[in-house]
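Student: Input: one structure, supplied below.
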Amino acid sequence: MYSFLFKYIIIGDTGVGKSCLLLQFTDKRFQPVHDLTIGVEFGARMITIDNKAIKLQIWDTAGQESFRSITRSYYRGSAGALLVYDITRRDTFNHLTCWLKDARSYANSNMTIILIGNKSDMESKRAVSYEEGRQFADENGLIFLETSAKTASNVEEAFVNTASKIYEKIQKGDFDINNESFGIKLGAPTSKQDGTDQKPAGGGCCK
């Protein structure tokens, strides 16, 4: 059982490592070659915040323009979004404004968004500086982390920090937690240790 269920969506261009981040978080493993995500795929895991069991239900979306309308339908009913770019591909960073505009147009206004610069293990091929990522996040009111789905660096933190922010908003009364359109569902008021459950399907990590 869980105290709360939080729904997440992972967004960003094709090939930035969205599916790899999900797999690393739910299964603690890295799969370098995936088929492209077609539409939307799913994973879930339990975490603990403030001694409360929280289930994260995570939707991994396709980055291709042809699937954008499907992705948009998943913004509604999401409490958190991971907006991902690839630090070795500047075009994926340049497209963030478009992704963010979509998120803020179609999601509820209280959705927590974290900006993730993925593939931090590929420092020698870096095309976007840490400072640029931080500046974009600061200017747009986002949480910011650089991650590596390959080494697992900051992957746990990305998902958990987002959940902590959502939980903080619940404590402040920013959400009507009885309205599931905010991406939050009440469970049983019990506490639980960290664990894992459903495995995600593969997809969409690499071009």
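Glycine is no exception: its Cβ is also placed from the backbone N, Cα and C atoms.
Sharing the features that Swiss-Prot gives for it:
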type    : residues                       : note
BINDING : 12-20, 60-64, 118-121, 148-150 : GTP binding site
MOTIF   : 34-42                          : motif 'Effector region'
REGION  : 187-207                        : region 'Disordered'
LIPID   : Cys205                         : S-geranylgeranyl cysteine
LIPID   : Cys206                         : S-geranylgeranyl cysteine
Student: Suppose we draw a 10 Å sphere around the Cβ of Ser148 (GTP binding site). How many other Cβ atoms does it contain, all chains included?
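Tutor: Step by step: centre on the Cβ of Ser148 (GTP binding site), count other Cβ atoms within 10 Å, giving 22.
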Student: Would you mind listing, in sequence order, the residues at least six apart from Lys119 (GTP binding site) in the same chain with a Cβ closer than 8 Å to its Cβ?
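Tutor: In sequence order, Val16, Gly17, Asp86, Ile87, Thr88, Ser148, Ala149, Lys150 meet the Cβ cut-off.
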Student: Can you tell me the three-state DSSP label for Ser148 (GTP binding site)?
Tutor: coil
Student: Could you check what DSSP calls Lys18 (GTP binding site) once collapsed to helix, strand or coil?
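Tutor: Helix, per DSSP.
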